[in-house]
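**Student:** The structure is given below, and queries will be raised subsequently.
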Amino acid sequence: MMEEDMENGRSYQERPRTFSTIRSKSSIPLVFRLLMRINPRALIILSLLVFSGVLYVGASTSPIVVFVFCICTLSLFFSLYLTKWVLAKDEGPPEMSEISDAIRDGAEGFFRTQYGTISKMACILAFVILGIYLFRTTTPQQEASGLGRATSAYITVASFLLGALCSGIAGFVGMWVSVRANVRVSSAARRSAREALQIAVRAGGFSAIVVVCMAVFGVAILYSTFYVWLGVDSPGSMKVTDLPLLLVGYGFGASFVALFAQLGGGIYTKAADVGADLVGKVEQGIPEDDPRNPAVIADLVGDNVGDCAARGADLFESIAAEIISAMILGGTMAQRCKIEDPSGFILFPLVVHSFDLVVSSVGILSIRGTRDPGLISPIEDPMSIMQKGYSITIMLAVLTFGVSTRWLLYTEQAPSAWLNFALCGLVGIITAYAFVWISKYYTDYKHEPVRLLALSSSTGHGTNIIAGVSLGMESTALPVLVISVAIISAYWLGQTSGLVDESGNPTGGLFGTAVATMGMLSTAGYVLTMDMFGPIADNAGGIVEMSQQPESVREITDVLDAVGNTTKATTKGFAIGSAALASFLLFSAYMDEVASFAQIPFKEVDIAVPEIFVGGLLGSMLIFLFSAWACSAVGKTAQEVVNEVRRQFIERPGIMDYKEKPDYGRCVAIVASASLREMIRPGALAIISPMAVGVIFRILGHSTGQPLLGAKVVASLLMFATVAGILMALFLNTAGGAWDNAKKYIETGALGGKGSESHKAAVTGDTARDLANL
């Protein structure tokens, strides 16, 4: 169409504008609007006072906490530098800015509505948690420290709400930068592929640094505040080894927000993508992100709310939960081994992630633009450039991890224990690199699996789907083997560290797996940067297509988009692997917590007991039911989008000739309302099911003389659900990334290129990808 218009002498700029305004009111959160009204000097003074107070509390706790606060503060300044650098880039011609404004308005409007709904549900749940903690029995540790039920309840609720708030802010930061960086990447692509890559990486780096920094800062502030307020380690007060247990609410609040952010954002982006592709590409034969498609703005908005805001909240939750669980295990092990100063074992996770901020910042800065700003550089391989940055980050992480273990985990009781734990961290780092490499191999079209999947498209739609499902199933094997080796290796290294309890039994196994998990997440900042790069590059390609820039510009953004698909699949695989390692820790922590409250030993779960085996079956079933409901939500919402897009093409025939405007706002409104409505059912299933199963089998256990039956059945449910969920996530994530890049590979001109029968079959696979990546 573009070529025909050029032959007729009509340029895109001469066509009527086709981007309607969606915003109805300011989408900036109230807290930020209030801060913007404060006098800059007063704001600086207020910030200095707050920072001084935080440093005072940290100094009253431990010099290690002061170190963590300083690193986090410097990292926040670094993120501000990245923001200023990115926003200083030009937005390109007016048509690009207009498209970007429409995307930003839609994303911020949906974010405001979605998080308003989530905040209301969080407040309701906070009252439920308060009631539970006010009426449940206290633990021996709480009784010994004089911490009453009311105090414990209010601390847990406050931690829960703070975790939920920080998770929401992490999501907002991810979305805020992506909707402003996309147009700058598009504009830079007109000059240089390397410059466009650098802007996208630094924009993603800003979000990543803030997310990791907030997770570390939030836990550190809670820990030091409770330490000072409760007078920890003073006579008659709580022991420092029990203090991390008070932080559990923070992790739960972050998990709660991340669950609904992922659900709502995932349903939004996938439904919009399916609706836009089915009608636009398949029925009308127009290119992806064509401005004539009424659902194209909704599709681009979905990249921001689903892949940026939701992923920011999700990674924040993963890091916070891993830090807290490792602190609990470190404190428990230090108490059993009678280590004189347990603060190093407790605060070790905070230091590891502080160094993560440093090494990830170096990795982000290692990706530079072209030396000659006026040079239009050829298209380089962005994945190779980002891999070099990741390699630099990995090498620095190995060094800093070794320094951290020697500094904090050295003890006279076992002088060589720190070396064993350093090796545990190395196991985790190697595991992270292996996951990144495996995901890249199965999802990058430079490798054989994706090319074979593209080749299957030449024989039809059905063979494309069969090949994609087969590839996804095969891709679960290597990650599971890597996770298995990592868990066993780390546990064995921890057990042989020389740390023993009073009875002479080795006690470092679980903490060894915790250290391996920390090692895997020791480069989380850079990995999250690669993840955020994906949707920013995708949006940039959409803006270039909608503003109908020259084909050379689109070639650059197509390459960045294809690499973005790989990095998104890679980082999801990374998150799955770290969750698999962390789940082993959380499962052990659950058993210890139950034993502490019930005051009955809880060491094992026997699946040969019928009720416990049934719990495992229920857990496996929940994964499939949850996935089914989520896919059903996408299908229903996509049907509404498809019907609306078809209606507009029928009622406004001038759309195809650029004579009439599509109603973009209508599709945005349909997807937004439907995704918020549909996210409730699967979210409620995940929260209510374990509680319902626990209550039912607890009643059954009391009637049959098995006091821990309910807890054991829930343990079985969680164990089987975790295993099934890991396999399901690996399968769907890899298959989805491969389907998308098989289509991208064909669009490069292979197997007939765009518009061929192979391409149409690949589009069908790409539609299945939207469900797989939900």
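For all residues, glycine too, the Cβ spot is worked out from N, Cα and C.
Note: TrEMBL annotation is automatic and uncurated.
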**Student:** Pick from 93-114, 489-510, 643-664, 753-774: which stretch is listed in TrEMBL under region 'Disordered'?
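**Tutor:** Region 'Disordered', as annotated by TrEMBL, spans 753-774.
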**Student:** Are the transmembrane segment (243-261) and the transmembrane segment (506-528) close enough to be called in contact, which here means at least 3 C-beta pairs under 8 A that are separated by 6 or more residues?
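**Tutor:** These two segments do not touch.
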**Student:** Any chance you could find the range in 65-87, 155-179, 450-469, 506-528 with the most Cβ pairs under 8 Å to the transmembrane segment (476-494)?
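**Tutor:** Comparing 65-87, 155-179, 450-469, 506-528: 506-528 has the most Cβ pairs near the transmembrane segment (476-494).
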**Student:** Near the transmembrane segment (506-528), which same-chain residues lie under 8 Å Cβ to Cβ, leaving out any that are not at least 6 residues past its ends?
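**Tutor:** That would be 204-205, 207-209, 211-212, 311-312, 315, 318-319, 322, 325-326, 329-330, 333, 336-337, 345, 348-349, 352-353, 355-357, 359-361, 363-364, 389-390, 393-394, 397, 400-401, 405, 417, 420-421, 424-429, 431-432, 436, 486-487, 489-500, 570-571, 574, 577-578, 581-582, 584-585, 588.
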